[in-house]
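**Q** Sending over a structure as structure tokens; questions will come in a sec.
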Amino acid sequence: MGLFSKKDKEDDASFHSGTTTPPTTAQRTLDTTEKGMEDDGPTHIYNFKVIAMVLIVSLGGMIFGYDTGQISGFLEMDDFLRRFGENGAFSPSREGTIVGLLSIGTLLGAIIAAPIADRLGRRMCILIGNVVFWIGMIVQMSATRHWYQIAIGRWVAGLGVGALSVLTPMYMSETAPKNIRGSMVSCYQLFITLGILVADAINLGTKNINGPASWRITMGIGFVWSVIMATGIWLLPESPRWVYRRGNIEKARETIAGVYGTSQNHSAVNRELREIKAKFDVEQQGGHHPWYEVFTGPRMTYRVLLGAVLQMFQQLTGANFFFYYGTTIFNSVGISDSFVTATILGAVNFVCTFGGLWVVENVGRRKALIFGGFWMFIMFMVFASVGHFLLNENRDTHTAGTVMIVFACLFIAGYASTWAPIVWCVVGELYPTRYRAKAMGIATASNWIWNFLIAFFTQFIVNDIDYRYGYVFAACNFTGALIAYFFLCEHQGRTLEEIDTMYILHVKPWKSSSWTPPENEELVTADALALTSGARGIKKADAAGMESERRVENMQVPPATATHGIHDVSGTDFVPESTRAADGRPPNIGE
């Protein structure tokens, strides 16, 4: 029995059989037609069900953050060094392998999770991801002397963490009300920061314990978050978009009504169901769509690359330079208790992420990424300059170290309120439903590739060029801000369908904030345009795309049967009014 329903109408086994049972036209007509008088009362999106969803699903971020925070402390614990180091210390290669293999696992987990989630559902895949994580943790905790057992265990755990890094934002973006979608998806990052902070605090409390309990206690507590998530996910409904595609329209209606806090016949519920229905109907007409269509679909190459590049630059901000090696870094600059410093950084990261939840809905995604990139550029320039020019001379290293901590905190504040939560939010919104799982898997894999490269090579690079390494991150932050300015449209306050339309119509990113979708017309979306296998032949007609005539090559589009080209409840297909020729016939779209 779930939080969103009094009684489950379907056996869960039927959902996860892997068999698609799309709704018939009659079913779609019945279930998306208003039943009696439509309810137009207020919505109540801040309800217990939504809060429970955020707290349970966002634990996927807690699991990742906790694992990131704990390894930073382990690398400085005496017992961990004696057992797994070389003569009481780690070589750069051994340290990089232990830290970095988690990221290799997450890379594979992110890629594998997408097709499994499409076949078995988001909830089942979340459970599988947690079980894999448990296996990896057991392998690590049972290690006694062999460092490679820790490394292999982190790789296995990474498979689960990587899967959750795709599934958490995906589930949130498909289920959340559009008004608070950005904040809900950004809670994934908030829980990452909470996990880092909790791990730092526990390490601070256990670091002086003699024996393996100093690190095994911290590691064992990591099970708690995963067990809560794996159990709690069954109290939540499946993604309404996924269950609709499996033929259970009433379950989709029930879930949408639950998150909006309304009756099942509320206008907001009916409107969202009609949008899901329209996208699904057109998609079904296109027949089989091969995997490579994630690149050949309407403006999909651009968006897949954009998502991957944004995830890459999120790592190249340099934040994990502090989170993976923070304890080691501040120990090297003469700070007496580097565990305390790492905990302070974790606290700044966590608190400032709350600001990010406000920024994402009130400032906007694009503006925040631009400002955040320039802010972090300045902070890293100062951090690197102080570290290179002052620490290498016979001066008061304590003063220089204090300055570095201050600017590290200012950097973390900017990162936590901009690039950390907003990139996850943007990637969850970039793609249409048909391609979302695969495209998000590719984008998230990019994040983990660069996560690994930073984790593995940081010690080698710092040993060679010391804190000049910070100049590399400063340059990347500057470049990331430019990428956001020239290539990312503003998503704030828009439905997923409107975001899809902006990219298809080639709306200029710097004009996207003022772009207004055509009134009383069906939006031109990827699902509406890609009617042929492979999704080829879609071309741009006008850079702004607002007044242009468009053609779809080699495509037959049935005429609209409702005013302004909107779908009627019988399931008849549409042609947007703005795309019709002067004589009313469906035009061809292209240049």
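Backbone N, Cα and C atoms are what each Cβ position is placed from, and that goes for glycine too.
Remember, TrEMBL labels are computer predictions, not curated facts.
Feature table excerpt (TrEMBL):
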COMPBIAS  1-14  compositional bias 'Basic and acidic residues'
COMPBIAS  19-30  compositional bias 'Low complexity'
COMPBIAS  543-553  compositional bias 'Basic and acidic residues'
DOMAIN    53-492  domain 'Major facilitator superfamily (MFS) profile'
REGION    1-38  region 'Disordered'
REGION    543-591  region 'Disordered'
TRANSMEM  45-66  transmembrane segment
TRANSMEM  98-117  transmembrane segment
TRANSMEM  124-143  transmembrane segment
TRANSMEM  155-173  transmembrane segment
TRANSMEM  185-205  transmembrane segment
TRANSMEM  217-236  transmembrane segment
TRANSMEM  304-326  transmembrane segment
TRANSMEM  338-360  transmembrane segment
TRANSMEM  369-391  transmembrane segment
TRANSMEM  403-427  transmembrane segment
TRANSMEM  439-462  transmembrane segment
TRANSMEM  468-488  transmembrane segment
**Q** For the transmembrane segment (304-326), what are the same-chain contacts with Cβ under 8 Å, counting residues 6+ beyond its ends?
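**A** Contacts of the transmembrane segment (304-326) (Cβ under 8 Å, skipping residues fewer than 6 from its ends): 68-69, 71-72, 75, 99, 196, 294-295, 338, 341-342, 345-346, 349, 369, 373, 376, 380, 408, 411-412, 415, 419-420, 423, 426-427, 430-431, 439-440, 442-447, 449-451, 454-455, 458-459, 462, 469-470, 472-473, 476-477, 479-480, 483-484, 487-488.
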**Q** Over the domain 'Major facilitator superfamily (MFS) profile' (53-492), what does the predicted model average in pLDDT?
**A** 87
**Q** Can you tell me which recorded stretch out of 155-173, 217-236, 338-360, 403-427 has the most Cβ pairs within less than 8 Å of the transmembrane segment (439-462)?
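**A** Answer, by Cβ pair count: 155-173.
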**Q** I'd like to know if the transmembrane segment (185-205) touches the transmembrane segment (468-488) in this structure, counting it as a touch only when three or more C-beta pairs sit under 8 Å and are separated by 6 or more positions.
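**A** Contact between the transmembrane segment (468-488) and the transmembrane segment (185-205): absent.
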**Q** At least three Cβ pairs under 8 Å linking the transmembrane segment (185-205) and the transmembrane segment (338-360), pairs spaced 6 or more in sequence?
**A** yes
**Q** Are the transmembrane segment (338-360) and the transmembrane segment (403-427) near each other by the rule of at least 3 C-beta pairs under 8 angstroms (pairs 6 or more apart)?
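**A** Between the transmembrane segment (338-360) and the transmembrane segment (403-427), which are separate recorded stretches, there is contact, as judged by 3 or more close Cβ pairs.
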**Q** Which sequence positions outside the transmembrane segment (217-236), separated from its termini by at least 6 residues, show Cβ-Cβ distances below 8 Å to it?
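**A** Answer is 2-4, 52-53, 55-57, 59-60, 62-63, 66-67, 70, 73-74, 123, 126-127, 130-131, 133-134, 137, 140-141, 160, 164, 195, 199, 202-203, 206, 209.
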**Q** Between the transmembrane segment (45-66) and the stretches 98-117, 155-173, 338-360, 369-391, work out which stretch tops the count of Cβ pairs under 8 Å.
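**A** Between the candidates 98-117, 155-173, 338-360, 369-391, the best contact partner of the transmembrane segment (45-66) is 155-173.
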**Q** Mind checking which residues of the chain, 6+ beyond the ends of the transmembrane segment (369-391), have their Cβ under 8 Å from one of its Cβ atoms?
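**A** Counting only partners 6 or more residues beyond its ends, the transmembrane segment (369-391) has Cβ contacts under 8 Å with 310, 313, 317-318, 333, 397, 400-401, 403-404, 407-408, 410-411, 414-415, 417-419, 422-423, 426, 466-471, 473-475, 477-482, 484-485, 488.
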